[in-house]
Amino acid sequence: MDNYTVAPDDEYDVLILDDYLDNSGPDQVPAPEFLSPQQVLQFCCAVFAVGLLDNVLAVFILVKYKGLKNLGNIYFLNLALSNLCFLLPLPFWAHTAAHGESPGNGTCKVLVGLHSSGLYSEVFSNILLLVQGYRVFSQGRLASIFTTVSCGIVACILAWAMATALSLPESVFYEPRMERQKHKCAFGKPHFLPIEAPLWKYVLTSKMIILVLAFPLLVFIICCRQLRRRQSFRERQYDLHKPALVITGVFLLMWAPYNTVLFLSAFQEHLSLQDEKSSYHLDASVQVTQLVATTHCCVNPLLYLLLDRKAFMRYLRSLFPRCNDIPYQSSGGYQQAPPREGHGRPIELYSNLHQRQDII
């Protein structure tokens with residue numbers, strides 16, 4: 001009495017995941033999604049908001065207070081603008097994660113091009129800062145004589161031209177990834193790998209590692225070694241707090257894990273890592289390290305501002321004059337002791353809300 005019909009064998013297939021993983025190659029294993037769409041939305045919005053605030057504040061302080069009469073400030077301004085360019089695609093990727101609506105293919109290419117151009121311009125800005133810092137230290141006043149502001153502007157223009165040219169493969173050949181039968185331009189896929197051809201994958205991965213990690217690391221090591229040879233012990237202690245060295249060092253630390261995992265993922269066939277388990281863990285590691293690397297654009301301006309805390313607080317007090325009228329209330333009667341004679345300059349207050357004692 002049962003009314004049913006038997007479907008032909010070729011009408012449907014039953015997919016068993018274990019059989020799929022056992023019988024499929026490493027390129028066919030579904031990539032893991034480390035973050036849910038809601039988490040991608042929160043991450044992109046948070047990084048964009050913090051990075052926008054930090055970099056706009058850095059640009060404002062550089063233009064209004066510090067001025068652009070020396071090369072260091074010009075290069076720091078170029079670095080902040082590069083960070084903003086790197087941040088621009090994040091709101092669009094957040095919208096894609098929230099609503100599932102991807103922008104057009106042309107818009108995706110532009111966003112990916114901006115993202116890559118901003119990253120490469122940051123690398124060149126860090127290198128310019130390192131080289132200029134070394135020249136000022138080694139040549140003294142001669143560096144400012146032979147290197148003018150116009151030369152710095154030309155160097156920044158050339159840096160942007162090179163960054164744009166190097167990002168052309170990402171923007172021209174970019175193809176949004178396929179998700180649920182739809183092409184999706186979203187955060188997560190390495191955007192410098194626009195196509196899946198093995199040769200292009202190797203070439204673009206090598207380009208990314210050389211430009212973002214190997215080249216700036218080499219310049220960083222050379223500059224540090226040359227500075228150490230020319231410095232006394234006291235000067236070395238101060239040198240560790242120079243913004244150019246600190247910012248570049250933190251940049252390399254945040255991008256080194258991503259580039260390392262990326263190298264293993266791209267060349268896994270040649271490193272005996274092509275099994276399903278290794279591929280899965282490599283894909284997950286790429287996503288995790290990409291999150292860490294993306295947040296560097298929020299850290300750079302904070303380091304630049306906080307390494308010179310006294311000047312930064314002075315600029316903030318000039319921006320918000322009412323903060324100067326807030327009386328300081330000591331919680332435990334802790335007061336600043338007067339400086340002793342013959343022991344150098346007194347320590348300046350870097351905040352009207354906090355005081356500390358000069359300990360000799």
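A Cβ is built for glycine as well, from the same backbone N, Cα and C atoms used for every other residue.
Membrane topology from Swiss-Prot places A97 together with H270 on one side. Here the transmembrane segment (286-307) does not touch the transmembrane segment (203-223). Their Cβ atoms form fewer than 3 pairs under 8 Å, with each pair 6 or more residues apart.
Confidence over the topological domain 'Extracellular' (163-202), given as mean pLDDT on the 0 to 100 scale, stands at 68.
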